Amino acid sequence: MFDISYLVNQVIPMVIPLLLGVTLHEVAHGYTAYRFGDPTARNAGRLSLNPVRHADPFGTVLLPLLLILMKSPFLFGWAKPVPFNPSYFQDARKGIFWVALAGPTANFALAVAFFLLLQGLAIMQPVLDPGNSGYLQPVMMVAYFGIFINIILGIFNLFPIPPLDGSKVLATFLPGRMAGQYMQLEKYGFIIIILLLFLGVFQTVFGHVINFVNSLLF
């Protein structure tokens, strides 16, 4: 049975920050690469803020839809990785480091923006909604979920598991041959992530994050 209440109070407030988060994550990668001299993302039209340009069939569509159908209390996903070419960088290690770090940094910055929005709305609620009609509630829920979704996106991508961003950051500190061998683990990356998920590693880490952020909010 279609649940309009779940759609309004859960689905829409989660979908908006998820789409914004995965889009800005990839745009940040592409824009940083462009600033380091690589036009690949720009030429591919991937510096756009249009989520459709970055949509991944599974990570942006099927997985969130599956979680919605399961009435998950939380949404997760990802966009298509932005292409970049380190050969354009004057200093390849430096370029790769900052390009990789840009995505999670964008998510953390967006989480802070949602936090400030939520706090601002809470402070201004008596003025903006003196009758307590609740019309601000959907916007506040977008901000609330936006904090958690973007913090988790940022932390998840910093795990040093190829091809996640954290692995690229770590590889820039390794000797050339060792870095190459390390990044060859990319073909096993999905299996490693599923294994850690099965072992409850992500749930434990994200559970602590959610509890900590909730302690700041309430």
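Each residue, glycine too, has its Cβ placed from N, Cα and C.
Annotated features, as they stand in TrEMBL:
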TRANSMEM  12-34  transmembrane segment
TRANSMEM  55-76  transmembrane segment
TRANSMEM  96-118  transmembrane segment
TRANSMEM  139-159  transmembrane segment
DOMAIN    139-189  domain 'Peptidase M50'
TRANSMEM  188-213  transmembrane segment
Most Cβ pairs under 8 Å with the transmembrane segment (188-213), selected from 12-34, 55-76, 96-118, 139-159: 139-159
Residues of the domain 'Peptidase M50' (139-189) by DSSP state, where helix covers H, G and I: 40 helix, 0 strand, 11 coil
Any contact, the transmembrane segment (96-118) to the transmembrane segment (55-76), with at least 3 Cβ pairs under 8 A: no
Chain residues in Cβ proximity to the transmembrane segment (139-159) (below 8 Å; excluding those fewer than six residues from its ends, i.e. six or more beyond): 9-10, 12-14, 16-18, 20-22, 25, 74-76, 78, 103-105, 107-108, 110-111, 113-115, 117-118, 121-122, 165-167, 169, 196, 202, 205-206, 209-210, 213, 217
Intrachain residues whose Cβ lies under 8 Å of the transmembrane segment (55-76), provided they are six or more past its termini: 3, 6, 10-11, 14-15, 18-19, 22, 145, 148-149, 152-153, 156
Local confidence of the domain 'Peptidase M50' (139-189) - pLDDT mean: 95
